[in-house]
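Read through the structure below, which is laid out as structure tokens, and then see the notes.
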Amino acid sequence: ARHTGPPDGGWGWMIVAGCFLVTICTRAVTRCISIFFVEFQAYFGQDYARTAWIHSIVDCATMLCAPLGSLISNHVSCQVGIMLGGLLASTGLILSSFATSLEHLYLSLGVLTGLGFALCYSPAIAMVGKYFNKRKALAYGIAMSGSGIGTFILAPVVQLLIEQFSWRGALLILGGFVLNLCVCGALMRPISLKEDCKTGPEVLEQGYVPETEKQDLKRMFIGSPLIKLWPHECLCYCSWQEYDFLLMPGFMVLAVSVLFMAYGCSPLFVYLVPYALSVGVSHHQAAFLMSILGVIDIIGNITFGWLTDRRCLKKHRYFCYLFAVGMDGLCCLFLPVLQSFPLLVPFSFTFGYFDGAYVTLIPVMTADVVGTSLLSSALGVVYFLHAIPYLVSPPVAGWLVDTTGSYTASFLLCGFSMIFSSALLCFARLAKKSKRTHLRSLAGNTALKQHIWTNGAIAYSVTAELDQKDVEFLAVDTNSFSNR
């Protein structure tokens with residue numbers, strides 16, 4: 001049966017549980033690959049930059065292939081996509097345990113495992129958005145806290161597995177663990193929402209089709225034999241319509257911001273353990289720093305999700321997101337002066353909390369920009385945009401370490417990148433508010449209202465340049481004038 005809106009509960013909590021397990025098996029396992037960094041470097045005798053490519057390719061493949069995961073989810077089945085991804089990721093980890101060179105790891109641990117994670121990640125997250133509306137941020141907070149909980153548990157466990165079974169045995173065991181993605185996929189029961197499919201006239205009225213083509217398309221819909229055969233069935237969006245949000249100004253700004261944010265956050269998870277070891281912290285303490293980061297990440301996921309669902313902050317989730325990104329950037333700027341375990345512990349607390357905070361809000365921000373019906377495709381693009389920064393930032397950071405002999409330049413570059421990402425969103429929102437204020441002042445002019453009311457062509461040319469909220473504002477104002 002088709003639901004008129006997200007049920008905000010019921011089986012939705014099982015979807016949250018499934019997404020929680022997906023984030024453990026994908027993002028937490030990816031983070032724990034940094035614990036293998038020193039082992040790979042010692043075993044294969046390679047420098048920082050070449051070894052860092054392993055982690056980069058995993059992250060890059062996961063995000064680069066995210067649209068493929070969305071495509072399979074939209075056109076085949078979310079359940080099939082996640083199960084297939086689980087099999088690919090597990091196969092990649094198992095093959096990695098037999099690696100004889102870094103190039104072997106690039107293909108097995110990097111490309112194959114990353115592709116498997118890609119088929120699971122964005123579809124699982126999009127499913128949460130389909131089941132929740134009023135409690136969306138809280139649901140995402142719980143679902144994506146799996147990344148933090150998984151890191152907290154897996155970091156010391158992986159270190160123990162390496163000590164007991166070597167890095168090969170640890171990878172083999174992780175390969176078996178990741179097969180749980182197939183169980184997660186089985187939980188993802190599809191849901192049909194009213195807004196997911198629209199009739200022909202409804203599609204036309206949403207503004208996806210130019211005004212000059214609407215009459216021809218309406219005649220085509222009315223005369224179509226398909227409409228006569230199935231009058232009560234909906235006409236689903238075409239493939240190109242699933243990605244028309246790419247031209248939205250709000251989405252364009254978010255996309256550019258994501259590029260800089262992804263560049264800044266990735267190297268820290270690769271180099272926190274090696275940096276801690278370089279300043280005299282023991283192996284177990286370094287792994288414990290990752291655990292702290294992971295458990296505080298959980299608190300950031302859930303508490304920030306809960307807080308931004310409150311009435312007082314719900315309207316300000318945009319600024320909450322950019323505040324969290326900016327705070328993580330500041331943490332990176334201060335990291336080079338923290339050169340002992342007691343000083344690195346508060347860093348892990350602060351960075352972990354705000355990392356969990358903004359990660360929770362990425363799907364919420366995306367849904368606010370493009371709407372729920374396009375969320376799966378939009379998330380695929382957003383995570384796709386993470387790919388290039390995730391690919392280049394760890395090797396660039398490694399090259400800076402090899403060249404300068406310290407981590408300072410790498411961490412400063414990460415910090416400034418995240419701060420720029422936050423500042424860009426802030427300036428974009430201020431510009432949008434300024435534009436909206438200007439339009440409302442124009443709409444308050446009676447002569448302008450009369451001009452728009454009497455000339456439909458001019459009204460269309462003006463409103464075509466406005467965002468959806470501005471269109472609604474002018475439409476209501478014009479109707480009220482015409483009824484006087």
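The backbone N, Cα and C atoms fix where each Cβ goes, glycine too.
If you check TrEMBL, you get these features:
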DOMAIN    11-433  domain 'Major facilitator superfamily (MFS) profile'
TRANSMEM  12-30  transmembrane segment
TRANSMEM  80-99  transmembrane segment
TRANSMEM  105-126  transmembrane segment
TRANSMEM  138-162  transmembrane segment
TRANSMEM  168-188  transmembrane segment
TRANSMEM  251-274  transmembrane segment
TRANSMEM  286-307  transmembrane segment
TRANSMEM  319-338  transmembrane segment
TRANSMEM  344-362  transmembrane segment
TRANSMEM  369-388  transmembrane segment
TRANSMEM  408-431  transmembrane segment
Fill in the blank from the handout: The average per-residue pLDDT within the domain 'Major facilitator superfamily (MFS) profile' (11-433) comes out at 80
Exercise for the section: Considering only the recorded stretches 12-30, 80-99, 168-188, 286-307, 319-338, state which has the highest number of Cβ pairs under 8 Å to the transmembrane segment (138-162). Expected result: 286-307
Exercise for the section: Spell out yes or no: are there three or more C-beta pairs under 8 angstroms between the transmembrane segment (12-30) and the transmembrane segment (319-338), with each pair 6 or more apart in sequence? Expected result: no
Problem - Stretch contact, the transmembrane segment (344-362) with the transmembrane segment (80-99), Cβ-Cβ under 8 Å, 3+ pairs - result: no
Problem - Ranked first among 80-99, 251-274, 286-307, 319-338 for CB pairs under 8 angstroms with the transmembrane segment (168-188) - result: 80-99
Problem - Same-chain residues at least 6 beyond the ends of the transmembrane segment (319-338) whose Cβ lies under 8 Å from its Cβ atoms - result: 261, 264-265, 268, 275, 300, 304, 307-308, 313, 344, 347, 350-351, 354-355, 357-358, 361-362, 365, 406-408, 411-412, 414-419, 421-423, 425-426, 429
Practice task
Given the cut-off of 8 Å on Cβ pairs that are 6 or more apart in sequence, determine whether the transmembrane segment (286-307) and the transmembrane segment (251-274) share at least 3 such pairs.
Solution key: yes
